[in-house]
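Chemist: Below you'll find the structure I mean.
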């Protein structure tokens, strides 16, 4: 079949095919599957991968998108481009103790380009790029799988041959439609994994190009080896996993280019056999290339370590509870259980969740826990595969199984907790690259079954059914990633013990104004995790707004007791204590918050309100001034300064502050209103009128704006206009304080004028 597909090639290409057929069995020979020209195969893969995730194109910013994109100052034009190289993925300085040390400047750069081209935070452009990236990666997979499954062969003209067109198409389709990839594609922060995978694959394909003129490993292109190392470095600048491609290139070189028999090599090393040269290890160029790859990798890691500046990131127990277990046995058992769950997600990606931390997966603490069976099954399968990969007499089988295991395990190592603690239990996004290995093993297993099966078409229909189910699952899961409400609620059935899931559902409800429902989910989050300080803080805030001050104080006090440096909880505790008229305690809480977060404008604002209540006017003005220095667009702080200066008779100072504020925030109607009041009292009627009218244009339904403009006209002597705006104000708010009395005074005055005129 392959011979017929390429019959347009020159005779020497036909001979190359025949030589390959004689030396290695062909996976395509026994399977009943579609045989398409390379171009059409890639078109089919691109189309199907697009269909899987197309419905996520107009989704919102969800979950981690807020921190990585919306709140990330590195995306904005005013941030120098150079800062991207000194900040982490979330926009924090890498040298900061609070940094997650996730160094992905190239991914952040693409977010910045998205933001600049869109002219703001419009998610559609971000989502479209993610979908295009996944389609591109899936298409590249056709070439990658053709090499991994069919071997690396070139025609005499230097054109790479696809010796496994059927199996490479099947493996690429399996990859393209795998539901576990939804988080990477539909979640915008998954861009890091997509870009990493793109350059990861380009590095591998570039390394393969180094052997275009290869004759049994003796000739290779130094240029393409170096290009491969550079592309590996670029992959790592997109996400940390990218560096693992250098190790995989070395494995590929040894197994495919030099046809190294690992078991034979180990045996000769153990027996100190002098014929090691014949085993392929010292074949010309192999050690040099591996040394080049390892040197490149070590240099890249050293540079990254230097940029990071400090030690590893500090994660909490709720992020990764197993890593905090005192017992080495408990840690090892749970890490292995996590590996088995990752493997299960590849095999059966039905139960998917945006977050697997905070009690979603309770720790295994004894060997009597039935879940031990899962990790036993994992290692039984892995050991079986490793034995076959090492001991099989079939070199073709050894090569495919070793490459499959290599692509499954090596890209997963940075997330394995073996070298350093990671900040998650399970993360579906980190399985994006390891799924390549899964697809190799699945496709190889399918070819072995097809070889034994009498009814090959039934087996092919079953695999086609799996692909269709995965397409539907991808579409369903993509729709769940379109909004936070759907995403968070979808997790309740998968991880009902996850406190963070309940917290996020509650937060989403609170943002929509449904406080009663939010309280229920916040309480459940605290019940599931009694040390969940963020849930306590948010619940305390809602209770404070509902005037349930006693319980709010208890929750916030407990939060700061558990986490003494939790600045937001200290500030909220201060607000509650202020409401309870315990002013000294409130002041102490505010200052404690500022001690833990020195640049905290909202806390200075609330401190200013406390001082104003205590008639400590100078302290109040100083606090509000600090708030505006830290956050120049802090409208409430500016407003309170103007109002306090106005109320204390400092009209000139109030006017100066008002003009300063409007220069910084020219479209803020509340500032226009406050300054207009000051100007009116200073008898600058014309300027005051202009500001009132501008404020009313911006917010026409504010009764106080019309009422105060009416007072201005009343003082100014424009009684008809005063009457008009008094009436508008009373229509908008019949209970507006003072307006009715002023309106009645005006009416009496107008009646007197009419009598005099009469």
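From the backbone N, Cα and C atoms, a Cβ is placed for every residue, glycine too.
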Chemist: With TrEMBL as the source, identify the stretch among 306-324, 325-343, 344-362, 458-476 annotated transmembrane segment.
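Modeler: When 306-324, 325-343, 344-362, 458-476 are checked in TrEMBL, transmembrane segment belongs to 458-476.
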Chemist: Tell me which range among 161-182, 249-270, 403-424 TrEMBL lists as transmembrane segment.
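Modeler: The listed stretch tagged transmembrane segment in TrEMBL is 403-424.
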Chemist: Need the matching range: TrEMBL marks transmembrane segment on one of 12-31, 72-91, 132-151, 372-391, and I'd like to know which.
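Modeler: My reading of TrEMBL: the transmembrane segment range is 372-391.
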Chemist: Can the transmembrane segment (458-476) be said to touch the transmembrane segment (372-391) if we require at least 3 CB pairs below 8 Å and skip pairs under 6 apart in sequence?
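Modeler: Not in contact, no.
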Chemist: Who are the long-range neighbours of the transmembrane segment (403-424) in its own chain, taking Cβ under 8 Å and residues 6 or more past its ends?
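Modeler: Sequence-distant neighbours of the transmembrane segment (403-424): 100, 148, 200, 240-241, 243-245, 247-248, 251-252, 255-256, 312-313, 315, 319-320, 322-323, 331, 335, 338-339, 342, 356-357, 382, 385-386, 389, 430-431, 433-434, 436-438, 440-441, 444.
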Chemist: By a Cβ-Cβ criterion of under 8 Å, what residues six or more beyond either terminus of the repeat 'TPR' (601-634) are in contact with it?
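Modeler: Sequence-distant neighbours of the repeat 'TPR' (601-634): 567, 571, 574-575, 578, 583, 586-587, 590-591, 593-594, 640-641, 644-645, 648, 661, 664-665.
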Chemist: In this predicted model, what is the average pLDDT of the repeat 'TPR' (601-634)?
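Modeler: Mean per-residue confidence for the repeat 'TPR' (601-634): 95 out of 100.
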